[in-house]
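First up is the structure itself, then whatever we jot down about it.
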Amino acid sequence: MGTSVSNPTAILQTMQGFLRKWWSEFNLQTRLMAAATLVVSLLMSGLTFWAVNTIQEDAQLVDTRFGRDVGLLLAANVAPMIADKNLTEVARFSSRFYENTSNIRYMIYADPSGKIFFGIPYSEETVQNSLTLERRIELPQIDPHNFDQPFVRQHHTPNGDVTDVFIPLQYQGKFLGVLAIGINPNPAAVNSSNLTRDVTIAVFISIWVMVILGAVFNALTITQPIKELLLGVKNIAAGNFKQRITLPFGGELGELIVNFNEMAERLERYEAQNIEELTAEKAKLDTLVSTIADGAMLVDTNLQLLLVNPTARRLFAWENKPIIGENLLENLPPEITAQLTQPLRELAADQGSLLFSPGHGPQEEEQDKTYAPEEFRISLTQPFPRTIRLMLTQVLDQNRENLRGIVMTVQDITREVELNEAKSQFISNVSHELRTPLFNIKSFIETLSEFGEDLSEVERKEFLETANHETDRLSRLVNDVLDLSKLESSKIYQLDAVDLYQLIEQSLRSYQLNAKDKQLQLEKILDPDLPFALGNYDLLLQVMTNLIGNSFKFTKAGGKIIVRAYPLHRSNLRAEDGPGLVRVEISDTGIGIDPEDQAAIFERFYRVENRVHTLEGTGLGLSIVKNIIAKHQSQIHLVSEVGVGTTFWFDLAVYQSMLMVVG
């Protein structure tokens, strides 16, 4: 019970609060106008209701008089018939009277005891059941002594309002009963009842409509232009120079609008010029930043990323990551974060007076406030080993007093480090290779020069052969360097028919004696239908010599070296491979190549010998092979397993009576 009472109370309080808040949002002028409109509308609606209601009451009075007159007329005519008990004539007369008078709804005759003996338009059965009919019509109790004047009343039925007229039936001073007549109300009176409501509501609404229309007209003619001007001024102040006022007004207000639009147009042109200049400068900067080979990042003083160029995204695998706005230290690899956290935080803390120099500590520099970048070299292990160089530089404002951010440039110097290491190794190898033959040559020549007369002919000849051998070794080293230089240049080589039988025979012939000395088995497996290949004989001979020489170098005594050559069948070829290919393979049962060396074995200066502790060769042989095969529009491949052996193979196009020149 308490809940049912409190809920309406709470709802009422909520509505009151809402109305109070809604009313408080209007200004004083609007409140006064609304109050005045409400008073006038209520006053006019009340006057209208009173006037129309008076008309309705007059119409009801007319209906009452009409019903009484009709009842008296009918009673005067039927009373003699009832006195004579001529009910047939009563029925005939009453029916004719009922049919000719449209306003009569029913006619009922009752005797002095109140029993109904005739009624129109009721059936005989209904009339006989006078109790039912009496209840339906609601006949009054009849008192003959006090009932000498017509009695009029109105009551409501499901079919509408009815005016009931009860007339006493008297003849020659004798009370014969009661005549009840139901009169339909005047349609004008019924309509006037609805008209009262409609006109009252219409007057109330019309007053509010006129007031609202007046307010709208006032807003459109005066208030709206002022609001538009106010909004335009706010937009101009906010930097929106595209704001225009398009209201069609003349006079002083129209002139004010025109002047405002001209001012906005001039400001927009000025802004467009500035934006165009800024956009051009920004485009230049974006182009420069996006095209430089180094990675570049800009962070604010909170170390939040503001700009990252494509190179930096690629270096740190940020291509598909929304990195702008993220914290730099949270997204760098752990190795970089460990070294840069402290320096970045010191720079971000506005160490404005510090000049950082690579390899030196901070130095005071108050005169020109220029800042040298601090350099870091960091080795990464994920996702693959590499070395990067990072440089941190402060970004100051125009007066070079306040810190605005930090620029970090990133360089992937992995290749540079590898080349430096390879060159250092190469120089070491070449120095050793050059020093040994030169020392030997010098030693033997000095011996011959000083003790030549004391040496036998055989000894002098042996010394000269050794010096000659060392000279060949020195020439071979120099030739390797020169060959690689030529291959990497744009020199043009002519390709023609190459007899692979002859090429392989000549390559193996030069190693026959060495194979015997080292107890190695040399074997060739050549297809009997081996076609001529398209290539350069001298270059391919150098390829075979280098590959077979490598197999000799890394194959132990008792091992085997096999050279195969065979045409590839059509089922092994793709449509883009051309008319046909010949495959050449050099296999050995040597020590094999470790998988981590296989990816870099064709690089310049790379030497597997470093891992097996044999400082023979220059590290250029396989690089020369790779370049020569590339000149033949092909690639060198290898398959190797440590402790099992290695197979190098490449494909050559079949010669088709054509002459090609390649560069």
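Cβ atoms here come from the backbone N, Cα and C positions, even for glycine.
Note that the structure is predicted; figures quoted are calculated from it, not measured.
Among the features that Swiss-Prot reports, domain 'HAMP' is placed at 220-272. Per Swiss-Prot, the feature domain 'PAS' maps to 281-351; the stated evidence is sequence analysis. For 429-656, the entry in Swiss-Prot reads domain 'Histidine kinase'. Per Swiss-Prot, phosphohistidine is recorded for H432, and the stated evidence type is sequence analysis. Per Swiss-Prot, transmembrane segment is recorded for 32-52, 165-185, 199-219, and the stated evidence type is sequence analysis.
If you look at the transmembrane segment (199-219), the same-chain residues 6 or more away from its ends with a CB under 8 A from one of its CBs are 33, 37, 40-42, 44-45, 48-49, 52. Mean pLDDT of the predicted structure over the domain 'Histidine kinase' (429-656): 82. Taking Cβ pairs closer than 8 Å, the transmembrane segment (165-185) reaches residues 60, 63, 66-68, 70-72, 74-75, 78-80, 82-83, 102-112, 114, 117, 137, 139-140, 142, 144, 147-154 in its own chain, all 6 or more past its ends. Helix, strand and coil residue tallies for the domain 'PAS' (281-351), in that order: 32 helix, 11 strand, 28 coil [DSSP].
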